Amino acid sequence: MTNRLVIIGAGMASGRVIEHLHETDPGGWDITLFNAEARGNYNRIMLSPVLSGEKTYDDIVTHDDAWYAERHITCRFGEHVTAIDRTRKVVTGQNGEVAYDKLLIATGSAPFIIPIEGRDLPGVITYRDLDDTNAMIAAAAKGGKAVVIGGGLLGLEAAAGLSSRGMDVTVLHLVGHLMERQLDETAGYLLKKDLERRGITVKTGASTAAILGKDRAEAVLLQDKSVLGADLVVLAVGIRPETRLATDAGLDVARGIEVSAQMVTSDPDILAVGECVELDGQLFGLVAPLYDQAKVAAATLMGQGAAFVNRETATKLKVTGCDLFSAGDFADGDDREDIVFRDPARGVYKRLVLQGDRLIGAVMYGDTADGGWFHGLIKDGADVSEMRDTLIFGPAFQGGRALDPMAAVAALPADAEICGCNGVCKGRITRAIEGGADTLDDVRAQTKASSSCGTCTGLVEQLLAVTLGDAFDMDTPKPICACTDLTHEDVRRLIKAQELKSQPAVWQELGWTTPNGCHVCRPAINFYLLADWPVEYQDDPQSRFVNERNHANIQKDGTYSVVPRMWGGLTSATELRAIADAAEKYDVPTVKVTGGQRIDLLGVRKEDLPAMWADLGKAGLVSGHAYSKGLRTVKTCVGTDHCRFGTQDSTGLGVKLEQRLWGSWTPHKVKMAVSGCPRNCAEATCKDVGIVCVDSGYEIGVGGAAGMDLRLTEPLVKVETEAEAMEYTVAFVQLYRENARYLDRPYKWIARVGLDWVRDRLADAAERRRLVAAFDLSQTIYQKDPWAERADEDAARAFAPLADLTLEAAE
Amino acid sequence: MSWIDIGALNDIPLRGARRVKTPLGCIAVFRTDEAEVFATANACPHKGGPLSEGIVHGRKVTCPLHNWVFDLETGEAQGADEGRIATYPLRVEGGRLLLDPAVLGRRAA
C-alpha cells in the first residue's frame with residue numbers, strides 16, 4: 001500500500017529526500033508538497049551567480065514541473081501551511097486540509113532581521129530566495145548606491161553581485177574582519193583588499209543604528225553618527241531556523257526543531273531536515289550536511305536504519321576573483337600549532353592548524369588549489385606527522401614516506417616507466433649508465449629517454465646521480481647540445497659581446513664540434529642571431545623546423561594545416577566565404593575552430609599551399625603563424641562593444657596588440673588575451689601575456705600557461721591607459737626575445753630570471769623605450785606576411801616535387 | 001641505360017632537401033654542402049615522416065616528426081633508434097642532378 005507523505009517546504013534538503021524515495025521505492029509514496037514560494041526546488045547556492053548575471057533562474061532549477069508530474073507529486077506551490085494537527089494527522093493549507101501518514105518539515109530558515117528603525121521601509125531587502133534576488137536585480141538596474149549590512153558569505157556575494165551590476169556598494173560588518181566564522185584575520189584582510197580593488201567599500205567594526213528615509217530607504221545611520229547614502233539596503237546579517245509551525249504544533253523546539261540522528265522530531269510520525277533543524281545543539285547552513293540529512297530521512301521513512309553523522313564542511317566564496325577556502329577549526333589555542341605560508345607579492349596566504357598529529361583546520365587565500373586535499377585530511381583525521389615539513393606545499397610535494405626525492409627514484413622498480421614519450425623504463429636507463437653512459441646526452445643517445453618532451457629530464461638526472469653517486473654532478477649547467485659545451489645563456493651572451501652576426505661566426509668563434517650544428521642547436525642559434533641582429537643577420541629557413549619553413553603545420557600523414565589570422569578573433573562574411581571556398585577548392589577534409597578564436601583547415605597537400613594562400617590573400621587573409629615560435633593569437637572577449645559588464649574596449653586592444661606584434665619571432669610561441677572585465681571570458685590569466693580590464697585601467701599579467709604545465713599569470717603591472725598597456729606588452733615581449741632561452745615559454749624564462757628582475761627592467765622608462773624601439777626596428781624587417789611572399793610561381797615550384805618520375809615507363 | 005636528370009643543383013637549398021616522385025615511392029634528395037648531394041627514401045621507417053622536410057646537419061638529417069636522425073651516406077639510424085633508409089646513387093654533373101635509373105626499376109648501363 002502507498003503511504004501518504006506530506007512535505008512542507010520545497011528546498012534543497014527535501015528535494016533530495018524525494019529523489020532518494022523515488023530511487024529506492026518509486027511507487028511507495030503518495031506525496032503532497034507545500035511551498036510558500038510559488039515555485040519548486042532550485043539550487044539556492046547558485047543565487048549569487050544569478051545576481052551577478054553569470055546565470056539565469058532557468059540554469060539553476062533542480063526540479064521543474066515535468067519532474068514533479070512524472071513522480072505524481074501533488075504540488076501546492078505558493079500556498080502557506082497554517083497549521084499541523086498531530087492528533088488527526090492533518091496539515092492545513094490556505095486552500096484546505098490534507099491527511100498524512102508521515103510528515104516531513106523542511107521549512108528552512110528565515111533571514112535574521114536586526115531590530116532597528118526603518119527595517120520595514122521599501123528599498124530594504126533581505127537576501128534569501130529568488131524573489132529577493134530579482135528585487136536586487138531590479139533595484140540595481142536603476143543604479144545608485146547600495147549598502148549591504150553583513151560581511152558574511154551571503155552579504156559579500158550580494159555585494160559583489162550588485163557591484164558587478166554597476167552599483168556603488170558599501171559593506172558594513174559588525175566584527176573586525178570579514179567572514180569571521182570562516183576566515184582568520186589575515187585572510188579576512190586579503191579578502192577586504194581584493195573587494196576594495198574591485199571598487200567595493202568595506203567598513204569593518206561598523207554597527208548600524210538605523211535605516212533612514214521617508215517613503216523608502218535613503219540612507220544608513222551608523223552608531224558613530226556617520227550617514228551613508230543608500231538607494232538600496234540589503235540585510236544579510238544572518239539566518240535563523242524557521243520553526244513557527246513546529247512550535248505551534250507543540251513539537252520540541254530549541255533554536256531549531258529538535259531531531260534525533262534519524263531526523264525524527266519529538267513526534268515519531270514527523271521528521272524534519274535542513275536549516276530548520278537542531279541536532280545535538282548544532283544548526284546547519286551549508287549544503288553538504290543537508291544532503292546527508294536527506295539521505296538519512298529517506299532511509300528512516302523506508303524503515304531502514306541510518307544515522308546522521310556531522311562531517312567537517314568546507315567553505316568557498318562564490319565571488320569571481322576572490323579565491324578563498326576555509327575548512328575545519330582555526331581558532332588559536334594552547335594545544336594548537338600553526339603552519340603559515342605567505343607570498344605578499346602574489347597575495348597568497350595559507351594557514352594550517354594542527355592539533356597533535358592531526359590537521360584540524362585550513363584557511364587559504366589567493367591560491368586554493370590544494371583545498372580539497374587539506375579538507376580530506378581534516379575529515380579523515382589523518383596522521384600528518386610524517387609529511388609535516390612539506391604539508392603546506394600540498395599533495396604535489398608528498399612523495400609517500402620518502403621526502404628525499406633521490407630515495408623515491410632509487411626505490412622505483414626496474415620496470416617503472418621513466419620516459420613516457422619513448423616508453424623507456426628505469427632498468428634500461430640504469431643499464432646504460434652502468435655501461436658507461438655518464439652524461440644526460442649519453443643516456444639520451446643510447447636509450448631515447450628524455451629526448452622528446454624533456455619533462456623526465458629531472459628523473460633521468462636523478463637516476464644518473466643515484467647510479468653514479470658523487471661521480472655525477474647534477475648541478476653542472478647543461479650545454480645546449482652535444483655540439484658545444486656552452487649553455488644557452490653563454491651563447492646568447494657571447495653573440496652580443498663578440499658581435500657574432502652569422503652562423504659560421506658562431507660555429508668558428510665558439511668552437512662548435514660539428515660543421516653546422518644539429519637539429520637542436522641550429523634553430524636556437526638562428527633565433528638568437530635574428531633577435532639580436534635583425535638588420536645584419538639573414539634568417540635561414542634551413543635552420544627552422546618544418547612548420548616554420550613551410551609556414552603551415554605538418555600533420556602526421558605529411559599534409560599540412562592552414563590557419564589564417566583573425567585579428568582579436570574578429571572575422572567577416574567575406575573572410576568566412578573565402579575560407580569556405582578554399583576548403584572546397586582544395587578538398588580540405590577537416591575544418592576546425594581552434595582554441596585561439598580562428599579556423600583551422602586541416603589536411604592540405606604541400607603543393608597546394610601557395611595557391612591556397614594566394615586565394616585567401618585575395619580576401620585580405622594573412623598567415624596566422626599558428627606554426628611559429630612567435631605571436632600566435634590575441635584572444636579577446638567583446639568588451640564594451642556589446643557586453644554589459646565590459647569595462648574597456650578589450651576587443652579593440654586585442655586587435656591593436658595583434659597588429660603590432662604579429663610576425664615577430666620569439667623564443668617560443670606567445671599567446672595573449674585581453675578580457676574586458678574580471679569575469680575573464682578571454683581566459684587571459686593562463687596566457688603568456690594576459691590583460692584583464694578593470695574600471696580603473698588594465699591589469700597586465702605574464703607567465704601564464706595552459707599546456708603541459710598549467711600556470712596562472714603573475715601580475716606585472718597595472719596601468720591606466722591603453723597606450724601604456726601596449727607599451728608594457730611590447731617591451732615585455734622584446735625583453736623576452738632578448739634574454740630567454742630558445743624554446744622556453746615566458747613562464748619558464750621568468751622562473752629563471754625572477755619576476756622582480758622583469759618588473760625592475762620594465763619599470764625603468766628609458767629601458768622601456770629602448771625595448772620598444774628595438775622591437776619596432778625588428779618588425780620593419782620581419783612583419784611581412786609569409787603567405788603573400790610565397791603566393792607566386794617560384795614558391796609553387798619550390799613546394800612541388802623536384803621531379804615526377806612516376807610516368808617514366810620502365811623498359 | 002643513362003642516369004636520369006632530375007633538375008638543377010641550385011633547385012635544392014643549401015642544407016635543404018627536395019622530393020622526387022617515383023613509381024616506387026618518394027625519394028628525398030639532400031644538399032649537405034655546396035656540391036655534396038645524397039638521395040634516400042623519403043619516408044622515415046619509424047612513422048613515415050617526410051625526411052625531405054627535416055633539418056639537414058653535417059651529413060645527417062633529422063626527421064621532422066619525432067627527431068630520428070639518419071646518416072645520409074649509410075642510411076643507418078643514429079643513436080638508440082634502429083632502422084635504415086634506402087640510399088640511391090646521385091651525382092652532380094655540370095650543375096645538374098643525375099639519379100641512378102635503378103629507382104625506376106632499371107639498371108644503369
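Backbone N, Cα and C define each Cβ position, glycine as well.
Unlike curated records, TrEMBL annotations are generated automatically.
Long-range Cβ neighbours of A:Cys637 ([4Fe-4S] cluster binding site) (same chain, at least 6 residues apart, Cβ-Cβ under 8 Å): A:Cys643, A:Gly646, A:Ser650, A:Thr651, A:Val674, A:Ser675, A:Gly676, A:Cys681, A:Ala682. What TrEMBL lists as [4Fe-4S] cluster binding site is A:Cys637, A:Cys643, A:Cys677, A:Cys681.
A:Cys681 ([4Fe-4S] cluster binding site) has a Cβ environment of 18 other Cβ atoms inside 10 Å. According to TrEMBL, the siroheme binding site annotation covers A:Cys681.
As annotated by TrEMBL, domain 'FAD/NAD(P)-binding' applies to A:4-297.
Residues annotated as domain 'NADH-rubredoxin oxidoreductase C-terminal' in TrEMBL: A:314-381. Here the domain 'NADH-rubredoxin oxidoreductase C-terminal' (A:314-381) is broken down by DSSP into helix, strand and coil counts: 10 helix, 32 strand, 26 coil.
The domain 'BFD-like [2Fe-2S]-binding' feature in TrEMBL is assigned to A:418-465 (among others). Residues of the domain 'BFD-like [2Fe-2S]-binding' (A:418-465) grouped by DSSP class, helix first, strand second and coil last, total 26 helix, 4 strand, 18 coil.
Under the heading domain 'BFD-like [2Fe-2S]-binding', TrEMBL lists A:480-529 (among others). Here the domain 'BFD-like [2Fe-2S]-binding' (A:480-529) has, by DSSP, the following mix of helix, strand and coil residues: 26 helix, 0 strand, 24 coil.
Annotation comment: TrEMBL describes A:555-618 as domain 'Nitrite/Sulfite reductase ferredoxin-like'.
For A:629-763, the entry in TrEMBL reads domain 'Nitrite/sulphite reductase 4Fe-4S'.
Sequence-ordered, the extra residues of this chain that approach the [4Fe-4S] cluster site, with Cβ no more than 8 Å from the Cβ center of A:Cys637, A:Cys643, A:Cys677, A:Cys681, are A:Val638, A:Gly639, A:Phe645, A:Gly646, A:Ser650, A:Ser675, A:Gly676, A:Arg679, A:Asn680, A:Ala682. Break the domain 'Nitrite/Sulfite reductase ferredoxin-like' (A:555-618) down by DSSP state and the numbers are 29 helix, 14 strand, 21 coil.
Once Cβ contacts within 10 Å are tallied over all protein chains shown, the binding-site residues A:Cys643, A:Cys677 are led by A:Cys677. DSSP places the residues of the domain 'Nitrite/sulphite reductase 4Fe-4S' (A:629-763) in helix, strand and coil in these numbers: 54 helix, 36 strand, 45 coil.
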